[in-house]
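Quick notes on the structure that follows.
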Amino acid sequence: MNGTEGINFYVPMSNKTGVVRSPFEYPQYYLAEPWKYRLVCCYIFFLISTGLPINLLTLLVTFKHKKLRQPLNYILVNLAVADLFMACFGFTVTFYTAWNGYFVFGPVGCAVEGFFATLGGQVALWSLVVLAIERYIVVCKPMGNFRFSATHAMMGIAFTWVMAFSCAAPPLFGWSRYMPEGMQCSCGPDYYTHNPDYHNESYVLYMFVIHFIIPVVVIFFSYGRLICKVREAAAQQQESATTQKAEKEVTRMVILMVLGFMLAWTPYAVVAFWIFTNKGADFTATLMAVPAFFSKSSSLYNPIIYVLMNKQFRNCMITTICCGKNPFGDEDVSSTVSQSKTEVSSVSSSQVSPA
């Protein structure tokens, strides 16, 4: 084995030289130079100082502007709450531990941090899945003239939390466990060891299939069908300038949504699965640290893609920040664009974009 396994940790370095120490007791500067830990601190501080205000502003403008409190926007509020969850309970801890060079809060603190970080990340992940399903139902109408209500929206939100708990809670009760990962200053599920007491193999397979593969399939299917629907409607209207603009806007938004999701979760899932299937293989601390930080960065670009790129949300935010005035003019576009002359207007960008 090319790593060192302790009672509740796994350090990706052999202890033949005797330098490996518990990540709960000593700085881990033998894994990476101190400046790399400071770089992590700077990165986490950037995420906190940018993601926290944007997500708080999302909640504020939704509360202040009644026109934003529509059932199709509930999941965006849930996404903002999940991102705030990650920032408050995950990023702040990582910042402090990275500054010290090791996980100073001990095994119990590691389990708590790992749980909250996983919970927030999973709520955000499943919010994107529910968002894709909602857009598919509203635009593609697989159930006919289905009326999407507040009850359906709340059911979708409840589903995200149930799925998140089903992923984050098991390691607290003996199905896998949380331990320091990467540079040993943040915690995640145990992908590294064969310990039969924790049944890590079955948990990792469960997590990979249920909490990554299935969301990817659902998102690709939902947004793929949505784009096809928009193009069909545009073709029926003989590619007028309006329908072409709507088609391009919808396609661009969908591509950004899918790329954002894949950028956040694919690197982490792939590296974690590689470590899981190659236990004992040689890998550096940064191999797991970098993908983990990719997933954390979703708390910043999620609101950018799903909120700030939406005209209605963006204009309401500008109005709120500027004390009731919009210095850029009134370009508010309601998410309930009038459905009158053409079929494509029923699948316009304002309906399939995240508002």
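Cβ atoms here come from the backbone N, Cα and C positions, even for glycine.
Record features (Swiss-Prot):
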{"type": "DISULFID", "residues": "Cys110-Cys187", "note": "disulfide bond"}
{"type": "CARBOHYD", "residues": "Asn2", "note": "N-linked glycosylation site"}
{"type": "CARBOHYD", "residues": "Asn15", "note": "N-linked glycosylation site"}
{"type": "MOD_RES", "residues": "Lys296", "note": "N6-(retinylidene)lysine"}
{"type": "TOPO_DOM", "residues": "1-36", "note": "topological domain 'Extracellular'"}
{"type": "TOPO_DOM", "residues": "100-113", "note": "topological domain 'Extracellular'"}
{"type": "TOPO_DOM", "residues": "177-202", "note": "topological domain 'Extracellular'"}
{"type": "TOPO_DOM", "residues": "277-284", "note": "topological domain 'Extracellular'"}
{"type": "TRANSMEM", "residues": "37-61", "note": "transmembrane segment"}
{"type": "TRANSMEM", "residues": "74-99", "note": "transmembrane segment"}
{"type": "TRANSMEM", "residues": "114-133", "note": "transmembrane segment"}
{"type": "TRANSMEM", "residues": "153-176", "note": "transmembrane segment"}
{"type": "TRANSMEM", "residues": "203-230", "note": "transmembrane segment"}
{"type": "TRANSMEM", "residues": "253-276", "note": "transmembrane segment"}
{"type": "TRANSMEM", "residues": "285-309", "note": "transmembrane segment"}
Report task. Using DSSP with the three-state reduction, classify Cys187 (disulfide bond) as helix, strand or coil. Result -> strand
Report task. Could you tell me whether the transmembrane segment (114-133) and the transmembrane segment (253-276) are in contact, taking contact to mean 3+ Cβ pairs under 8 Å with a sequence separation of 6 or more? Result -> yes
Requested in this report: Quick one: of Asn2, Asn15, which of the glycosylation sites has the smallest count of other CB atoms within 10 A?
Outcome: Asn2
Report task. Kindly say whether the transmembrane segment (203-230) and the transmembrane segment (74-99) touch, using the definition of 3 or more Cβ pairs under 8 Å where each pair is 6 or more positions apart. Result -> no
Requested in this report: Give the one range among 37-61, 114-133, 153-176, 285-309 whose Cβ atoms make the most pairs under 8 Å with those of the transmembrane segment (74-99).
Outcome: 37-61
Requested in this report: Taking only the Cα atoms, work out how far Cys110 (disulfide bond) lies from Lys296 (N6-(retinylidene)lysine), in Å, as a whole number.
Outcome: 17
**Report entry** Spatial neighbours of Asn15 (N-linked glycosylation site), counting only the recorded positions Asn2, Cys187, Lys296 and Cα distances within 10 Å
**Finding:** Asn2
